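K.L.:
OK, Swiss-Prot features for this one:
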- Arg50, Thr51, Arg100, His127, Gln130, Ala253, Pro254: carbamoyl phosphate binding site (BINDING)
- Lys78, Arg160, Arg210: L-aspartate binding site (BINDING)
Amino acid sequence: MEHLLSMEHLSNSEIYDLITIACQFKSGERPLPQFNGQYVSNLFFENSTRTKCSFEMAEQKLGLKLINFETSTSSVKKGESLYDTCKTLESIGVDLLVIRHSQNSYYEELNQLNIPIANAGDGSGQHPTQSLLDIMTIYEEYGSFEGLNILICGDIKNSRVARSNYHSLTSLGANVMFSSPKEWVDNTLEAPYVEIDEVIDKVDIVMLLRVQHERHGISGEANFAAEEYHQQFGLTQARYDKLKEEAIVMHPAPVNRGVEIKSELVEAPKSRIFKQMENGMYLRMAVISALLQ
């Protein structure tokens, strides 16, 4: 694999290969490769806890040496372009770049680089490693995707997770539905929009999305009061109680407790939210291994 930029660039067989390797790392069936003497730099131009720390843990476990990069103290503050920043890191011997950026498809500016790039999120575009860890979590639960009914709820328009998961899960055979305020509908995605209360007792997976307040300021979109949103579109106790016995709840996090999901349900028996985070490290080890081998 040359780069990991978008879920649309991955075939179903490549997806299965990556989640299989990640599952084998997790179970201990597959020994961890060691990339001693190779260097990685994580360039995060947007805030992150899970993705950044998960990549760092994966890199450390694989023996990579981390070249620290902080946007606040870099020449980006002097106006240096993303390409020149990345070309500099390539020139001094960095072997892999992990990049999160607010610009959709930022990687199109970097096609002259000769080192692999792992996209850790581009604006409201794609978040391939999040999608892959979600797929891994679903696979652990069900062993297949064919015919699963998946409801993705929330800020569809501004969510790179919704976009990545829609394409990949549909390709794998799942039935994806959206539930969203009309202000946050994305008409470029062809999944049907439904009322959450009409389907909550029929779905296999409820995938909640964070309300992207930071992107609403840019687009001038309407905001909701927390309780208003929670009652109309969130996972309340009443909705949780209607879920099928074997249904699971997912969220890419960070979670706005009491908004997308009732706080007490974050670690409820059907929740796989922290399992997703655990799987993220193993999945990112699989991605790094595929990019460097």
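For all residues, glycine too, the Cβ spot is worked out from N, Cα and C.
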K.L.:
If you measure from the CA of Arg160 (L-aspartate binding site) out to 10 Å, which binding-site residues from the list Arg100, His127, Pro254 are inside that radius?
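P.N.:
So the list is His127.
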K.L.:
Please identify, from the binding-site residues Arg50, Lys78, Arg160, Arg210, the residue with the sparsest Cβ neighbourhood, meaning fewest other Cβ atoms within 10 angstroms.
P.N.:
Lys78
K.L.:
Looking at the binding-site residues Arg100, His127, which sits with the largest number of other Cβ atoms within 10 Å of its Cβ?
P.N.:
His127
K.L.:
Output, ordered by sequence, the same-chain residues six or more apart from Pro254 (carbamoyl phosphate binding site) with a CB under 8 Å from its CB, or 'none'.
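P.N.:
Those within reach of Pro254 (carbamoyl phosphate binding site), by Cβ under 8 Å and sequence separation of 6 or more, are Thr49, Arg50, Arg210.
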K.L.:
Near the Cβ of Thr51 (carbamoyl phosphate binding site), how many other Cβ atoms are there if near means within 10 Å?
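P.N.:
A 10 Å sphere around the Cβ of Thr51 (carbamoyl phosphate binding site) contains 25 other Cβ atoms.
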K.L.:
In the same chain, outside Arg50, Thr51, Arg100, His127, Gln130, Ala253, Pro254, whose C-beta lies within 8 angstroms of the Cβ mean position for the carbamoyl phosphate site?
P.N.:
Ser48, Thr49, Ala120, Gly121, Val161, Pro252
K.L.:
Would you find the one among the binding-site residues Gln130, Ala253 whose Cβ has the most company, meaning other Cβ atoms within 10 Å?
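P.N.:
Of Gln130, Ala253, the one with the most crowded Cβ is Gln130.
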K.L.:
Look up Gln130 (carbamoyl phosphate binding site) in the DSSP assignment and report helix, strand or coil.
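P.N.:
In three-state terms, Gln130 (carbamoyl phosphate binding site) counts as helix.
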K.L.:
Provide the three-state secondary structure of Arg100 (carbamoyl phosphate binding site) computed with DSSP.
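P.N.:
The three-state answer is strand.
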